[in-house]
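Heads up: the structure comes next, in structure tokens.
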Amino acid sequence: MMTMWGMLIAIYLFLAGISAGSYITGILCDWYVKDERLIKLRKAAIWLATPVLGLGLGILIFDAEAGLFNPWRMAFLFNNLPFSMMSTGTLIITLFFFLLVWHGWLEFKNKFVPNWVKVTGLVLALGTAAYTGLLIGLAQVPFWNTPMLPILFSVSGVSAGIAAAFIAGVMWDKSIIEFIIPLKKVHLGLLVFEAFLLFSLLYVAASRDVTAAQSVSMILTGELALWFWGGLVFIGLVIPITSESIELIKHKQVEPPLDLNLQHFSAGKGEVMKLYFVEGATIFGGFCLRLIIISAAIPINVML
């Protein structure tokens, strides 16, 4: 059963992943797509990442009551650098937040952003996404203690971040929807990879440990089955993967497969609402993933 502790942690992990993914989307606009028509999407992605991560950090401080009532005690989180995963992760997320503020300010003032800032931000974003999986792996929960979990959380976080950036960018300028086909290809690849990692994680967990197998059973056929099959698999994976695949196939049939940056399609109200629905489904699936993983925890001492 989901506890308040679990819900807060699930929300924090979700927001941190979206922030990292949104920032990575902004960097992809610069380095992968290189289309000047996506400047607004790049800015929206970077600006979105900052308040989302700030909200996540606020929830983390609220969850740690010492941080809420005695904020100065949060400094103790850095005491065990570089040997503590908690201390290292806290440092990464803190540095990432300050870099987001700086990068966002440079974008707001239309100033040049040095490549070293983007590279550093990309490294910190990937570190933040991975840390969300490593953090819960510290607990004595067999289902969480697998190297696949940080990878799954990283891929899911980037996927949800791309979806959030798409929504923010199109809300700002609907014409952006005409030029995001290259990013949609990346997004589709991440969604498929996420599905592969998810079921691989469940298979490995069910095979390696009795306690972990109980967690898997809880997910597949137990009290979390509706969240898993309905929320994560159907809404969060099947709908986005199917929609993105159909859209890319249609574009391949209509346009020659040369210079994807020049491909575009009608950005009518129907297409905009469809994007909101599909990307919203992806974001919902990302939250369901973290909610399910947290809720399925069965500590070792329960079995003793």
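Cβ coordinates come from backbone N, Cα and C, glycine included.
All TrEMBL annotations are machine predictions without curation.
As given in TrEMBL:
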type	residues	note
TRANSMEM	6-33	transmembrane segment
TRANSMEM	45-62	transmembrane segment
TRANSMEM	82-104	transmembrane segment
TRANSMEM	116-139	transmembrane segment
TRANSMEM	151-172	transmembrane segment
TRANSMEM	188-206	transmembrane segment
TRANSMEM	226-243	transmembrane segment
TRANSMEM	275-298	transmembrane segment
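Under 8 Å from some Cβ of the transmembrane segment (151-172) lie the Cβ atoms of residues 13-14, 16-26, 38, 40-41, 44-45, 47-49, 52, 126, 129-130, 132-133, 180, 183, 186-187, 190-191, 193-194, 197-198, 201, 240, 272, 275-276, 278-280, 282-283, 285-287, 289-290, all in the same chain and six or more residues away from its ends. By number of Cβ pairs under 8 Å, the transmembrane segment (188-206) is matched best by 226-243 from the list 45-62, 82-104, 226-243, 275-298. Same-chain neighbours of the transmembrane segment (275-298): 1-2, 6-7, 9-11, 13-14, 17-18, 132, 136, 139, 141-144, 149, 152-153, 156-157, 159-160, 162-164, 166-167, 170, 177, 187, 191, 198, 211-212, 214-216, 218-219, 224, 227-228, 231-232, 235-237, 239-240, 243-244, counting only residues six or more beyond its ends whose CB sits under 8 Å from a CB of the stretch. When Cβ-Cβ distances under 8 Å to the transmembrane segment (45-62) are tallied for each of 6-33, 116-139, 226-243, the top count falls to 6-33. Only residues 6 or more beyond the boundaries of the transmembrane segment (6-33), in the same chain, are considered here, and those with a CB under 8 A from a CB of the stretch are 39, 41-43, 45-46, 48-50, 52-53, 55-56, 59-60, 62-63, 93, 96, 100, 118, 121-122, 125-126, 128-129, 131-132, 135-136, 153-154, 156-162, 164-166, 168, 179, 182-183, 186, 261, 283, 286-287, 290-291, 294-295, 297.
Beyond the transmembrane segment (116-139), the same-chain residues lying 6 or more positions past its ends with a Cβ under 8 Å from any Cβ of the stretch are 9, 13, 16-17, 19-21, 23-24, 27, 30-31, 49, 53, 85-86, 88-89, 92-93, 95-96, 99-100, 102-103, 106, 145-146, 149-154, 157-158, 290, 293-294, 297, 299.
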